[in-house]
Amino acid sequence: MSKPLSQRLDRGLALLGAALIVATGVVFVAHDGAPSAAETQRAASPAKAIDAVQIKTFLYEPAAITVPVGTKITFTNEDSAPHTATSGPSPNPDGVFDTDILKKGQSTAVKLTKAGTFAYYCTLHPFMKATVTVR
């Protein structure tokens, strides 16, 4: 005689639950928490310095970068409006660097030869501000 359907379902669900518990335990045992070789390599590799800034939607992207002394930073205007990247606290240029006016699609690079943290802004839109740290 066959068992009622409810007993067969209960037994099937119990077996499924046991299988899930065993599978979960295997996953936890398989990963001991130690970093993989790829994770270790990524952690040991220095991050690539960002040496380019895009100007778009009236923002500098990224708004803060850190570069080694002697790096040339390229500023590219991807905005429809003209912009500058002029060092100094807005609206007071300090003469460290100035891209002059960049129209849409134009790029220029500035070389930073001394260490420090430099604020810069757009002379045409003084609310646009960012910083570069040179080490």
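Residue numbers in this text run from 1 along the chain shown.
Backbone N, Cα and C define each Cβ position, glycine as well.
Note that TrEMBL annotation is computational and uncurated.
These come from TrEMBL:
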BINDING   His83, Cys122, His125, Met128  Cu cation binding site
DOMAIN    53-134  domain 'Blue (type 1) copper'
TRANSMEM  12-31  transmembrane segment
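Scoring each of the binding-site residues (Cys122, Met128) by how many neighbouring Cβ atoms lie within 10 Å, the top position goes to Cys122.
Listed binding-site residues: His83, His125; maximum Cβ neighbour count within 10 Å falls on His83.
Those residues of the chain, other than His83, Cys122, His125, Met128, with a C-beta within 8 angstroms of the mean position of the Cu cation site C-beta atoms are Ile55, Phe58, Ala81, Thr84, Tyr121, Thr123, Leu124, Pro126, Phe127. His83 (Cu cation binding site) falls within a strand when secondary structure is assigned with DSSP.
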